[in-house]
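Trainee: Residues or ranges marked as domain 'ABC transmembrane type-1' by TrEMBL: 21-300. According to TrEMBL, the domain 'ABC transporter' annotation covers 336-538. Residues or ranges marked as transmembrane segment by TrEMBL: 12-33, 54-82, 88-105, 126-152, 158-178, 245-267.
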Amino acid sequence: MKNYTKKWSIKFMKPFFLSIFLIFLFSLLANYISTFEPFFTGKIIDALTKQNKALFFQFINFFIILQIIGFIFSLLISWFQFLLNRKIGTYCLSCLYLNFLYLPTKTYTDKNKGFLLNLFKQDLSVLISVYTLQVPSILNSIVIIFVITFRLLKIDCLLFVLTIIVSVIPIILAKIFGKKQAKITKIQYQQEDAYMEFLNESISGLQEIKNYSARKFFMKKFKHLIQNIYNIYKKITLVGMKSSTAAFASNFIINISFFIIVGLSVFDGKNTVGIITASLMYSQKFRTLVSSILSVYKQIIISKVSIKRLEDSFNARKYKMSIVFYKDKDNANKEIIIEDLSFTYSNGSKIFETLNINFSYPGLYLIKGDNGSGKTTLFNILAKDLTKTDGMHLTGSICFINLNKKIGFVTQKPFIFSATILENISFLQNINEQKLYQVLIQTKLDKVIKSLPHGLNTKLGKNILLSQGQMQRLALARCLIQNAEVILFDEIENAMDSETASSLFDILKDLKTKKLILMITHNEIYDEIATDIIKLSKIN
């Protein structure tokens with residue numbers, strides 16, 4: 001794992017390090033108790049060999065107590081682990097979702113839906129398991145290896161030396177196959193992102209797919225994506241099979257060699273059967289722990305793919321492009337001042353070159369121009385909704401003087417989520433009831449709401465659906481109910497029904513005296529009430 005990625009993941013998980021450490025100590029104690037099992041097994045076999053009945057039952061009792069204690073510890077560890085994972089999971093998912101809400105929608109979320117969905121589905125759980133399971137498991141195993149080393153040295157030095165020598169083999173195997181699998185996993189995640197993105201697009205465009213009888217075409221693309229994913233799974237399976245074959249071959253040779261060596265020592269009378277049994281069990285446990293460490297280490301190598309993806313998602317907020325700032329000036333008018341605005345996309349397409357505009361509050365400013373002249377781009381810059389990519393250039397300044405930072409932004413496709421109408425309008429903010437009903441009348445939503453079974457508390461979703469025009473009215477109501485002093489309308493009349501469109505004129509006429517409204521439109525009907533009309537032109 002690269003240093004900067006490691007530092008990021010440590011910082012992200014830092015609030016839970018104490019809890020993780022306490023569970024680690026508890027687990028370590030349980031594993032330490034289990035190290036006595038080979039010792040008591042050897043004593044039981046020696047008691048049988050000597051036909052010492054009293055000693056046999058004494059060690060049997062110790063062995064039973066040891067097993068029960070180990071079982072109780074394992075249950076407690078499982079429960080504590082669940083409680084910790086629930087706490088960490090809730091915290092980490094909340095952090096990821098909050099970060100998700102702050103990501104710029106343009107040039108990032110619109111293009112990375114599959115990637116973002118898979119962060120929740122798989123990548124976050126991978127990061128959590130690294131710090132709650134994998135790292136503690138490695139530390140635990142290392143401590144127990146030292147305990148076993150001490151006990152094995154006391155029993156048989158030759159067996160210990162042989163154990164150390166053969167333990168090198170799994171280290172080499174883990175490093176080789178871990179790196180191979182990490183490369184394949186990176187491609188696997190990219191294919192799964194594409195799969196999730198395709199599903200999302202299919203759901204969004206389901207009506208169009210039906211209208212144009214395009215099921216066969218989309219089914220073909222879907223099968224192609226599935227085939228790509230299974231081709232990756234095939235590669236992962238083959239790498240796993242090669243790793244297992246190499247591990248089996250090395251373990252087979254090692255075990256047979258050990259049995260021959262220790263068997264000869266018994267025949268020569270150098271050791272008792274009990275001592276050899278205990279030493280073999282310790283040796284096996286030592287090698288199992290080494291293999292376990294390396295298996296977990298291999299998983300950590302693979303996990304860095306997920307951790308890097310999460311880090312990139314959180315870092316995306318840092319790459320927001322913005323030249324917007326806010327100033328409070330005494331005895332100054334409220335206004336937006338755009339000075340020397342220049343913007344070029346990463347493909348070299350120049351949108352603005354030293355653009356200068358003043359928008360005075362209150363007022364209605366119509367933004368007009370041909371397609372590609374930068375109308376929506378201007379709104380995205382004002383709303384600080386652009387992500388910096390290589391080759392993209394944004395210079396100049398946009399100053400909001402004596403205006404609050406909240407901006408109302410209404411688009412052609414408003415966001416309506418599965419909740420009540422009231423929640424969709426208010427977003428659970430405390431709102432004045434009288435103002436709410438005035439807005440509902442103003443947007444002509446009052447009659448629609450009265451016709452619904454539970455009025456404002458009607459939950460939108462599968463059973464209750466609004467028309468496109470009604471959704472646009474709801475979005476308008478949401479915007480009007482907020483305290484934003486600046487409102488951006490992006491060609492909203494294109495998606496309106498005739499009733500909503502007719503009321504929009506009156507709404508704008510009233511709002512222009514209370515708010516600063518910037519409206520992208522091709523419609524000339526609003527020209528007569530506009531404070532000014534800004535015409536943008538394409539730059540050759």
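Each Cβ is built from the backbone N, Cα and C atoms, and glycine gets one as well.
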Trainee: Which listed stretch (12-33, 54-82, 88-105, 126-152, 245-267) has the most C-beta pairs under 8 A with the transmembrane segment (158-178)?
Mentor: 245-267
Trainee: Who are the long-range neighbours of the transmembrane segment (12-33) in its own chain, taking Cβ under 8 Å and residues 6 or more past its ends?
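Mentor: Same-chain contacts beyond the flanks: 66, 69-70, 73-74, 76-77, 80-81, 84, 87-88, 91-92, 95, 127-128, 131-132, 136, 139-140, 143-144, 147, 310, 314.
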Trainee: Take every residue in the domain 'ABC transporter' (336-538), average their pLDDT values, and give the whole-number result.
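Mentor: Average per-residue pLDDT within the domain 'ABC transporter' (336-538): 85.
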